[in-house]
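S.K.: So TrEMBL lists these for the protein:
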ACT_SITE  Asp156  active site, charge relay system
ACT_SITE  His188  active site, charge relay system
ACT_SITE  Ser357  active site, charge relay system
COMPBIAS  115-127  compositional bias 'Polar residues'
DOMAIN    147-396  domain 'Peptidase S8/S53'
DOMAIN    442-557  domain 'MBTPS1 third'
DOMAIN    565-812  domain 'MBTPS1 fourth'
REGION    111-130  region 'Disordered'
TRANSMEM  922-945  transmembrane segment
Amino acid sequence: MVAVNGSVIPFVSRRHAGLGGCEQLLLVTLLIVCALSERLLVELSDYSLGWEHAKYVRSGLFDVRIVCVEPSAFGLWSDHIVVMVAESDAEHVKKNLLSLDRIERVEEDRPVSTRRLQSRPQKSFSRPPSDAEFYNVTALHKQGYRGQNVRVAIFDTGISAGYQPFFNHPVQLTDWTHDESPYDSVGHGTFIAGLVAGKVRGCPGLAPDAEILTFRVFTGSQTSYTSWFLDAFNYAMQTGVDIISLSIGGPDHFDQPFTDKVNEVTAAGIIFVSAIGNDGLFGSVNNPADMMDVVGIGGLERNTNIASFSSRGMTTSELRLPIPSYGRVKPDIVTIARELRGPGLGFRRCISLSGTSVATPIVTGSIALLLSAIPEERRRTVVSPAAVKRALIRGSKRILDSSIYEQGAGFLDVQASLDEMLAIDAEYMNNERYEMQLQLLPFYLDFTAEDCPYMWPFCKQPFYATMQPVSVNVTILNPNSALSEVREVLWVPSHGEDVLLMHYTLPPRFWPWAGGLGLHISVKPESDGFKGKVSGLLNITVRSIPSGLVSRASLPVRLEVRSPPAREKRILWDISHNLAYPPGFIPKDNLDSKDPLDWLGDHPHTNFHGFHDALVQNGYFVEIWDKPFTCFTTVTIEEYSTLLIIDPEDDFSSAESEELESAVREGHVVAVIVAEWYNLKRIDDLAFEEGNTRAFWKAVGGGANVPAINKILKPFGIAFGDRTYSGFLPIGGQRVPYKSGTSITKFPEDGFVLVGNDFRQVDLAPESGIPVFGMSKAGNEGGLIVFGDSTCLDTETPGVRCYDFFIKAIGTLTRAVVDHNDINLADLGETGMMARVDANLKSARHVQFPGGDLFEIPVELKRLMEPHLAENRKRKSCEAVRETPLANSELFVDQNDIVFPRIAPALLPAQQLAALSSGMGIISFIKTFGAILVLAFCALAISLLQKKRNRDTQSITANRSFSLRLAKAFRNLTQSLLGRNRVWSEP
């Protein structure tokens, strides 16, 4: 217990809650015995006291010699437990546990060392205005909106001792780590709590009357486990929290126990706010901010430009799904993240921090102000997490010269968002059956050049017949229900512009508040002569379950159509052999990187976006290929001049190798293949034991899958080797970096190679004459360009780029293939990019070069790789998409009625839709109706119990346990309706 201003405030520890002194001593002994054991996270089907779960789990492990059950919140209600066993017994224990009726899932209790605090200390201590002043929240305070009666949970490093005088309300302290202290030794949690509700002179919080609950989920060394978060989330639901603020994130997209619990928390009505990360790259949005129901916060400079460190979208978790897809828009909104002022440790002075970590409490405090504008007695009825997110994105203001994947809906405007919230409340007071409109993000799709760079990358090039479908992911927010189903999606083209093929993928139902609509847009083959802009409306109808409310929204679409470009300007970029991350320990391409884990993946719109844009700017038309090469028979491969295969990690089948050879030799295609390092000793040397969690990490491959690359190059007499080189290539008068790349060990006699001088292997003397770039015609047919390192194409790695060099090389070889001429090296030299080309480019008279060839992956490494390769293959299909053609309206919309907002987007009025389809079979109807009745009963029971919620966090009543059991039943029933995979593209 902690005394604050004469009041006794409970300090809750996950281990000691509800335990006596003898029991605590026993637990400490158990922890010492089990400290080095394998940790298994066991999820059960119901909520119960931790001791009851432990007893049940132990009953199923009678034949295991030594097993420890960690006191995971033993005195609190929970739906999981942590079992620690000897590593040699882990698989046997998993099998035993899964045989028990109440066990849903058993996974490793992941050490979340990759889940990081997202802030950066500032050396500059300039004194900008306080953040409360910057957002003019004093105007809201004068209106009486100060965060009163709003409970905010800060998941962080705790709070500094001596915090009491600096908050208007007592702060409840909880600790979920093994440190047994709620106090902050890092300073991060103290800063975050102060920004939300502190009253430190010079750096006051935005919502001074909000009630703060600190959840210490990181130790002083910034260590954490998934199970700690799960315990803390459960406690937050039991104590009536309104908002959870997480200024943390990491590549944990597929930590399913964690992400499932986040969904459960938001389904319970708690607003979840999280930082998107400080990686500063496209495709680097951290989890949980990348989740649809979480408000993901990006960062701005003080001048409201996008902060250089702020992570960018798209989300990448969708790229691994069975249905070929595209990532969603993230962040949701952005706000100032540079040099924010807040309290330091001990609250003795104000300090400055930067990062999306410290932008997050700005939004958290703003949401507290918005909630305080709604009377508490009807707040949970009127306001859902989706309603708050809707108000935030509708109130935000667009930032000029930034992509939607950098800014989301735009810059936070607290007053405008408050106006949205008050309008919702006013409508509800006039009509308790008030139905809020759906909210779509993006607000519209304008893929014409007029809306660049906001709609980058789609606005970069026009559409045309025979092109690959362009996929885009639209988030649908339904503020009316935590469970919804899409009843109709209808495409209404403009008069005289019915030239598009619109297909979609989406789940039949989505949970909790948001779902993803995958749109796949192409041009009808018969419209290959059409030129001009086309537009229309995508009308969406969603029904809330169990209320039956029907909500609608319209998505304006506009794009430019032209005739198909010349073959030599069309490029196909293969992404089907790039693994989606993080499937395991895939090492980075650059071995000099401090962090060896590569979790960002590869995509032409993320880490290779610079090369993609350079190709487009030079008149090329780039299309994405997301299927196996065996699907080349479904398209006319001869329509493309070039196939790009950059940094592949996946394997190539024998059939794919044959198809690629056919495409080059018979289809006259130029294949551009860029590799990376691959050395078995280096792979073994990368294994490490993480210092805080003691977890052992072993790499499952190299920078690229060179043995697989050599398989597809073998028919052409080309191979890469097993040596790893670093150095610089003199190209165009610049030193282009070559970092941790491989070398060419075999090349045709009639080809040309570019060699590197003064190239180094680790701990070896420099070498010269190392072939790293090769260009060759395949007889009189197609051609190949190979390169041993992707560093100069990858925007993740700083340094001089080689875009122009590659573009000239592609143009040179393509002209030679199309014109049936020899390669003209003068074409390369004319650009000035190959200043030393005559010295470095020579005829490869000797076919064999130094370095061992790689054609086989060792059995042990293949065993480690196989689960990740198998996961990647699940999404491969020769179907363009597992899609549904969009129904076309028999009516047309007038083009002048379609509005594309520019600076401050607003939700467009819903259009009149066709009648809802009613072709439901009788059996399906009975099942669905029965499920709705059960869901309605659960929702009613939970609602009644919430109205009687006891604010005293020192006791958890029987009513609370019953409510949690109902919530769990509600979640389980929902999952049974949706299936285990609740992502947007569920078939």
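A Cβ is built for glycine as well, from the same backbone N, Cα and C atoms used for every other residue.
Bear in mind that the values here come from a model prediction, so they are computed numbers and not experimental data.
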S.K.: Which has the fewest other Cβ atoms within 10 Å: His188, Ser357, the active-site residues listed?
M.R.: His188
S.K.: For the domain 'MBTPS1 third' (442-557), what is the mean per-residue pLDDT, to the nearest integer?
M.R.: 92
S.K.: For the domain 'MBTPS1 third' (442-557), give the DSSP counts of helix residues, strand residues and coil residues.
M.R.: 9 helix, 61 strand, 46 coil
S.K.: Please report the Cα separation of Ser357 (active site, charge relay system) and Asp156 (active site, charge relay system) in Å, rounded to an integer.
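M.R.: If we compare the Cα positions of Ser357 (active site, charge relay system) and Asp156 (active site, charge relay system), the gap is 10 Å.
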S.K.: Taking only the Cα atoms, work out how far His188 (active site, charge relay system) lies from Asp156 (active site, charge relay system), in Å, as a whole number.
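M.R.: That separation, Cα to Cα, works out to 7 Å.
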